[in-house]
Amino acid sequence: MAPLPISSIRVGKIDDVQELIKSKPNKVPERFIREEYERGVVVSSLKTHHLHHQIPVIDLSKLSKPDNDDFFFEILKLSQACEDWGFFQVINHGIEVEVVEDIEEVASEFFDMPLEEKKKYPMEPGTVQGYGQAFIFSEDQKLDWCNMFALGVHPPQIRNPKLWPSKPARFSESLEGYSKEIRELCKRLLKYIAISLGLKEERFEEMFGEAVQAVRMNYYPPCSSPDLVLGLSPHSDGSALTVLQQSKNSCVGLQILKDNTWVPVKPLPNALVINIGDTIEVLSNGKYKSVEHRAVTNREKERLTIVTFYAPNYEVEIEPMSELVDDETNPCKYRSYNHGDYSYHYVSNKLQGKKSLDFAKILN
């Protein structure tokens with residue numbers, strides 16, 4: 001899909017946050033400071049401890065044998081997670097620890113390179129691949145306290161080869177191996193989600209065609225005034241599934257919006273965080289929700305995440321699945337649309353909660 005014309009977008013000066021903390025460690029530029037209403041209500045520390053344990057955890061080893069009680073119990077947990085939270089963590093997912101640690105190490109090495117080296121792979125205004133900040137469309141738009149490096153991975157035609165770095169030397173090999181593992185995980189998860197919706201297990205894979213997969217590495221440096229900034233603006237994802245890997249010993253940074261309150265999600269060792277994207281919300285006719293989420297920063301600790309977005313091929317027409325629509329009891333909530341058109345719409349606007357999904361809603 002073609003990016004927006006670069007000449008039509010004026011984004012102003014975008015400071016690199018890693019360079020900021022080197023030169024002015026105790027100063028937060030005005031363009032990063034959020035209005036008080038943007039910071040929202042965060043669940044209290046007492047409730048946070050309780051809610052950490054309410055974030056659903058799905059044990060994928062229990063879904064390997066479909067004929068036992070564990071399977072049906074875990075499918076029920078998965079259904080409730082998708083319906084009530086839109087987020088869950090998966091354990092025993094089958095991806096080797098060495099694969100996970102290697103991509104973390106490579107990503108860390110990339111962000112540690114000199115700025116001049118990273119600037120060889122720029123994220124141009126109106127695009128979402130390369131190094132920099134995405135979703136910036138005006139000179140007065142507030143910035144996130146984050147550096148990003150994003151790449152299209154699969155199918156090959158969505159890649160921009162000029163943006164795949166030559167350093168670190170094993171970057172491409174590591175990302176290829178990791179992405180293959182995550183792709184297989186997404187296929188498995190979609191089978192289980194289909195079963196949880198009462199669909200045949202291959203329903204999503206048959207409909208998606210050659211699925212689109214992209215990766216974004218996010219680096220959140222420490223911030224001297226974390227209460228004034230956001231690491232990543234509130235948004236839902238345009239994907240079908242999103243897989244979040246948080247670096248080892250990561251501080252709490254992800255927050256999800258539940259009952260109008262921001263709930264921190266505590267990382268579990270060797271777990272991956274999965275969230276439902278807008279595409280699954282549409283396909284399930286709103287039964288499973290894509291949930292607004294954001295990232296916050298820490299005064300003392302850095303945070304590194306690796307995010308994979310998995311979605312249907314751009315040529316696929318998306319609409320609520322007929323099995324999940326009933327004219328009387330559950331009428332169609334979303335119109336039919338081309339997934340490529342929605343993807344273009346999503347990346348052509350700044351992150352604003354769930355506003356992007358208005359593109360597909362049927363307004364009564």
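Cβ coordinates are placed from backbone N, Cα and C, and glycine is handled just like the others.
Binding of Fe cation is attributed by Swiss-Prot to H235, D237, and the same site annotation extends, among H154, H293, to H293.
For the binding-site residues shown (H235, H293, R303), fewest C-beta neighbours within 10 angstroms: H235.
Sequence-distant contacts of D237 (Fe cation binding site), defined by Cβ-Cβ distance under 8 angstroms and a gap of at least six in the same chain, are N275, G277, D278, S290, F309. Mean pLDDT, taken over the domain 'Fe2OG dioxygenase' (203-312), works out to 95 on the 0 to 100 scale. Between the alpha carbons (Cα) of H293 (Fe cation binding site) and R303 (2-oxoglutarate binding site) lies a span of roughly 16 Å. Taking the centre of the Cβ atoms of H235, D237, H293 as the Fe cation site, the nearby residues of that chain (Cβ within 8 Å, site residues left out) are P234, S236, T242, N275, S290, V291, E292, R294, L351.
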